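Let me begin by presenting the structure, written as structure tokens, before commenting on it.
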Amino acid sequence: MMPKPLATLLNVIWLVLGGVWLALGYVVAGVIGCVLIVTIPAGIASFRMARYVLWPFGRTVVPKPGAGAGTAAMNIIWMIVAGWWLALLHIISALAQAVTIVGIANAVVSLKMIPISVMPFGKQIVSTTSNR
């Protein structure tokens with residue numbers, strides 16, 4: 001469990017050093033996903049991930065209980081349409097952040113977000129902070 005003040009400090013550093021640009025990528029993917037009625041669930045998932053990418057410290061992604069077979073199909077469609085673009089954004093962000101000492105931790109976090117950016121369905125975001 002990460003203390004809440006530490007998570008807040010790390011989130012502010014993350015936000016300034018690249019979180020805004022990554023979240024913008026997810027918002028663009030969400031808008032594109034909401035254009036067609038069939039892909040609205042993908043758009044909503046993208047907006048949910050944009051919130052996570054803005055403030056990642058103190059939260060984690062876990063498998064969602066009761067996720068059905070439809071999640072596998074949506075993950076495949078998502079991976080083909082938007083997932084690999086978002087993964088590429090995370091890789092570029094990680095490379096740029098790893099150049100500085102302060103950004104190394106952010107680079108690691110950005111790389112850890114690649115699996116959820118490629119296959120977001122069947123996952124949920126939960127808090128890991130304590131109120132210390």
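Even glycines carry a Cβ here, placed using N, Cα and C.
Noted in TrEMBL for the protein shown:
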- 9-59: domain 'Inner membrane component' (DOMAIN)
- 12-45: transmembrane segment (TRANSMEM)
- 66-85: transmembrane segment (TRANSMEM)
- 74-123: domain 'Inner membrane component' (DOMAIN)
- 91-111: transmembrane segment (TRANSMEM)
DSSP tally for the domain 'Inner membrane component' (74-123), helix/strand/coil in that order, comes to 38 helix, 1 strand, 11 coil
Should anything in the same chain at least six residues away from the transmembrane segment (91-111) have a Cβ under 8 Å from its Cβ atoms, list it; otherwise answer none. 10, 13-14, 17-18, 21-22, 56-57
Do you know the DSSP helix, strand and coil residue counts for the domain 'Inner membrane component' (9-59)? 40 helix, 1 strand, 10 coil
